[in-house]
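Handing you this structure, nothing more for now.
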């Protein structure tokens, strides 16, 4: 396990280093790039030194430090993605297991139909439908922002729920409820696609495990169905799914850009799209580096967690030697 972890960490370092060339190219080879006047080597050394010290330069649009802007928008996107990812796991894992143990029955067919429908709906269309019905027509939920305009929440961590909870305002409970109400529509919109994929992965894994002899032997010993599902099916069906969850998080980070634009969510995706519109290449380079690094780190962590849950995974390399 130690060798497997070290191998993944080395892969992480190499991949992040290669990613720096992508970010640097946006600051050097594009028209009106900030580093275009210097030689290639000197420009890369200067840019890489700034990257190490978390200095991405200043925006060509408003003159503000890009690092300060990232500190404001990055927590908003992470809060949205974490909540949506948690919702996808809470719903997708049990529903996928139900579909797996009831395969070819009406429960399985119904779950597959709903999952296929959710997977096929474009994110922007789903966001517009939820906005139309839940906000504009019924007036249940707000359509944009993170808080009501009545509340002024001091940014401490950048996470709306945590900042509202840490606030010493007498209206703290109302601030928390306002933050929750503003998150419901974006979280639902963002969680639909990964939820359907988790359902599909969990269904396939459950079917494979449910046909194993040790599951049938547990049933012949008189164990209850709940005990069999908890001890044998879930314990063995979940580890193969864990390494693939990193890809779902990466996909969700991409979908967050569209979600943030529709709901005017002040996050990294909306900030990056605005930078692309305004051709702010220094900001684009910083956004690409942050998003790419996050995707790589999450995938490596999911691989390591998958190997910890399934010891056979990190032995595959030795079996191929």
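We number each residue from 1, going along the chain as drawn.
Placement of Cβ uses the backbone N, Cα and C atoms for every residue, glycine included.
What Swiss-Prot shows for this protein is this:
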- 74-302: domain 'ABC transmembrane type-1' (DOMAIN)
- 1-8: topological domain 'Cytoplasmic' (TOPO_DOM)
- 30-80: topological domain 'Periplasmic' (TOPO_DOM)
- 102-112: topological domain 'Cytoplasmic' (TOPO_DOM)
- 134-174: topological domain 'Periplasmic' (TOPO_DOM)
- 196-248: topological domain 'Cytoplasmic' (TOPO_DOM)
- 270-280: topological domain 'Periplasmic' (TOPO_DOM)
- 302-321: topological domain 'Cytoplasmic' (TOPO_DOM)
- 9-29: transmembrane segment (TRANSMEM)
- 81-101: transmembrane segment (TRANSMEM)
- 113-133: transmembrane segment (TRANSMEM)
- 175-195: transmembrane segment (TRANSMEM)
- 249-269: transmembrane segment (TRANSMEM)
- 281-301: transmembrane segment (TRANSMEM)
On the 0 to 100 pLDDT scale, where does the topological domain 'Periplasmic' (270-280) sit on average?
89
Per DSSP, what is the helix/strand/coil residue tally across the topological domain 'Periplasmic' (134-174)?
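The counts are 14 helix, 0 strand, 27 coil.
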Provide the three-state DSSP residue tally for the topological domain 'Cytoplasmic' (1-8): helix first, then strand, then coil.
7 helix, 0 strand, 1 coil
Going by DSSP, how much of the topological domain 'Periplasmic' (30-80) is helix, how much is strand and how much is coil, in residues?
28 helix, 2 strand, 21 coil
Could you give the number of helix, strand and coil residues in the topological domain 'Cytoplasmic' (102-112) as assigned by DSSP?
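Taking each residue of the topological domain 'Cytoplasmic' (102-112) in turn, the totals are 7 helix, 0 strand, 4 coil.
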